[in-house]
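OK, TrEMBL features for this one:
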{"type": "ACT_SITE", "residues": "B:LYS96", "note": "active site, schiff-base intermediate with DXP"}
{"type": "BINDING", "residues": "B:GLY157, B:ALA183, B:GLY184, B:ASN205, B:THR206", "note": "1-deoxy-D-xylulose 5-phosphate binding site"}
{"type": "DOMAIN", "residues": "B:8-248", "note": "domain 'Thiazole synthase ThiG'"}
Amino acid sequence: MVHINGKDIDVAGQSLMDFLNANDYEMGTFVVECNEEIIHKEDYKTYILRDGDVIEVVQFMGGGCGTSLMYRSIM
Amino acid sequence: MKNDTFTLGGKEFSSRFILGSGKYSMELIKAAVENAGAQIITLAVRRTNTKKKENILDFIPDNVTLLPNTSGARDAKEAVRIARMARELGCGDFVKVEIMKDSKYLLPDNVETVKATEMLAKEGFVVLPYMYPDLYTARDLVNAGAAAVMPLASPIGSNKGLATKEFIQILIDEIDLPVIVDAGIGRPSQACEAMEMGAAAVMANTAIATAGDVPVMAGAFKAAIEAGRSAYLSGLGRVLERGASASDPLTGFLRD
C-alpha cells in the first residue's frame, strides 16, 4: 500500500506519473513530496511507487493566517 | 509621498496592505485584491483535491507577489517542509513562517519560529515570520535573517484589533526591519492606528473576508492604511496633559 494524501492506495509498482495521470491531477498545479523529500517533475516517470511510501500532493489554496489548523490536511 | 516605498527581499512595494486570501469565494479574491491595491497576497499550501479543479492562482493578478504561509506546521521542521513545497510550486522565494501548536488560540510558537527562520533564510528564502510581539524574539529573528517581523495584534481571525499595541510599539521602536502588523486587525480604524504607530505595513484577511461587502471593505482598508501612513510621516499633533488650548485665536472676541 502507498499512503497518498492520507489514504492507503494499492498502487505500489506503478510510476508516479502513471498514478498522477490516472487520478486526474492537473500537471503544473501541484508539487509532490515522497517520504518528506520533494520529487521534481522530471522524475515523475522514473519514480516507482513502493509499499510504505508516504506521498503528499499539494497545491496553493486560499489562506491568511492560521486558517488551516482547523482544516489541517498536511503534516 | 510618491516615493514612499518599503523593501522586502530586494523587491520594492508601494502598497502597505498585505491581503490574506482565506475564507473568500474565488470570484471575490480578484475584486478584493484590486480594491485593496495590494501587491502582496498570502496563500496556504494544502493537499490537492482533484474533484474541485479551481486553482486560486487563476484568480490573482499576475503582478501580485505571492506570500505562501506555512500554516499547519507545528514545529520548525514542518514549516521548512511546507516552505520548500511552496517554492517548488514556482512562485518565488517569499514565505511567511507560521508555527502553531494549538488550534484554540492559534498563537505562534516563537522558539520554533526563530529556528525555522534561520533554516529558511540559509536556503535563500525571504522569510517573514508571524510572531508573538516579544522584543527578544524579534532580535533573534533579525539575527536569524528575517526580512521583516509580523507581530500579531490579537488572536487570528478575532477582529479584536490592537490588543498588543504597547508591545508592537516596542518592536517598531527597536527593530531595524519592517514591522508588519498581522492577525486580529478587524476594522480600518485599527489598521490606520497601526500605521500611525509606524508599522511598515498591515496584513488583514478575516476583517475583509467576513465583511458585508468584501470589495468595499478592501477599499476602506486601503484608504485607512494610506491615511495612517501619511499621519505617521507627518508626525502626529501633540497631546495636552491637561486643560485646553484654543485652535482659534479669536476665541472670546465678542467679550473683548
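The first residue you see is number 1, and the count goes up from there.
Glycine is no exception: its Cβ is also placed from the backbone N, Cα and C atoms.
Set these features in their place in the structure for me.
Every protein chain shown contributes to the tally, and the Cβ of B:LYS96 (active site, schiff-base intermediate with DXP) ends up with 31 other Cβ atoms within 10 Å.
According to its DSSP assignment, B:GLY184 (1-deoxy-D-xylulose 5-phosphate binding site) is coil.
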With 1-deoxy-D-xylulose 5-phosphate as the bound species and B:GLY157, B:ALA183, B:GLY184, B:ASN205, B:THR206 as its recorded binding residues, calculate the greatest Cα-Cα distance and give it in Å as a whole number.
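Those residues reach a largest Cα separation of 9 Å.
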Whole-number answer please: how many Å between the C-alpha atoms of B:GLY157 (1-deoxy-D-xylulose 5-phosphate binding site) and B:LYS96 (active site, schiff-base intermediate with DXP)?
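Their Cα atoms are separated by 17 Å.
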To the nearest Å, how far is the Cα of B:ASN205 (1-deoxy-D-xylulose 5-phosphate binding site) from the Cα of B:LYS96 (active site, schiff-base intermediate with DXP)?
14
How many Å lie between the Cα of B:ALA183 (1-deoxy-D-xylulose 5-phosphate binding site) and the Cα of B:LYS96 (active site, schiff-base intermediate with DXP)?
13
Which whole number is the mean pLDDT over the domain 'Thiazole synthase ThiG' (B:8-248)?
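The average pLDDT of the model in the domain 'Thiazole synthase ThiG' (B:8-248) works out to 92.
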